[in-house]
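According to Swiss-Prot:
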- Ser187: phosphoserine (MOD_RES)
- 218-306: domain 'Ras-associating' (DOMAIN)
- 313-360: domain 'SARAH' (DOMAIN)
Amino acid sequence: MLWEETGAAPAPARASDLPYRISSDHLKKEEKMTMMAHQYPSWIFINEKTFITREQLNSLLKTYNIFYENQKNLHILYGETEDGKLIVEGMLDIFWGVKRPIQLKIQDEKPFSSFTSMKSSDVFSSKGMTRWGEFDDLYRISELDRTQIPMSEKRNSQEDYLSYHSNTLKPHAKDEPDSPVLYRTMSEAALVRKRMKPLMMDRKERQKNRASINGHFYNHETSIFIPAFESETKVRVNSNMRTEEVIKQLLQKFKIENSPQDFALHIIFATGEQRRLKKTDIPLLQRLLQGPSEKNARIFLMDKDAEEISSDVAQYINFHFSLLESILQRLNEEEKREIQRIVTKFNKEKAIILKCLQNKLVIKTETTV
């Protein structure tokens, strides 16, 4: 009899049993999982199907922190709350895998006090760009060579902002300067609106509309873009935060306006398998379960409709195109044979039943005569 039915605490699992999985028939709802977590405080619940002991958690934490021995800021720590509940906290690596553009917020929640006193040269200096480097990594903006800026614009540098272009943008085309087209990057990893030259009267109005986002001035030209695929970011989370809360934390970090409902977290394994994290999953603990090495598994932020890839399908992903074609042809042939086998089987069974019915009809006719 299973331990949740008897009320007795489960026997400790061996390391080879990690993570220990139980039937979904016994833990169907998150409420029941929470109740059991209070009933068995020595157990750590990953989701409604997976749990580990504190000893196993300690082993995972030790392995993880040894891997990042020289990077103390990446260590995952744990402690206990006042009521004795264990909590784990640390930095979680998340990779960008979205295919739709994201929208930055036009206003920060907290005011930027030194906005008026800061000069343009200070804001966009190389030192400043290094300090805010992670924000720039989101869409890989590099400083425009000042020799490309017309002298008339240099004189107005205190009134206007300096334009920045993606380092993956195509060379300037001979389009009209006021054309509000979207440039397409060479890697097709980002969308950046082509800079328009506004009238002098519009510049002050535009400056009023800009806000400070993570230390950056809001820029209409680069406020909508697609982050480069596989670009990495970090977000501080804890074991109380489930999948949707982690997504919210990431969007909040970069002041992204899109709804958390538009995204999902996926674990992509080295084998090519891609598994979506459920709402009840705790991403930080899932990271621990997969080990510290990103070569084995990585967590991606993806669009909500991104498809999962099973382990069966993943084994074919890295094969050569010609080999995949031959495999597909073989599967089609096998499918046809299987269909024919089933059709033949049921035709035989139907023939036997029809023969029995005919025999009964003959006997019934003879009896009535």
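The backbone N, Cα and C atoms fix where each Cβ goes, and this holds for glycine too.
Note that the structure is a prediction, hence the values are computed from the model and not measured.
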Checklist entry - Average pLDDT across the domain 'Ras-associating' (218-306)? => result 90
Item to check | Structural state census, the domain 'Ras-associating' (218-306) (DSSP three-state) | outcome: 25 helix, 27 strand, 37 coil
Item to check | Secondary structure composition of the domain 'SARAH' (313-360) [DSSP: H/G/I, E/B, coil] | outcome: 42 helix, 0 strand, 6 coil
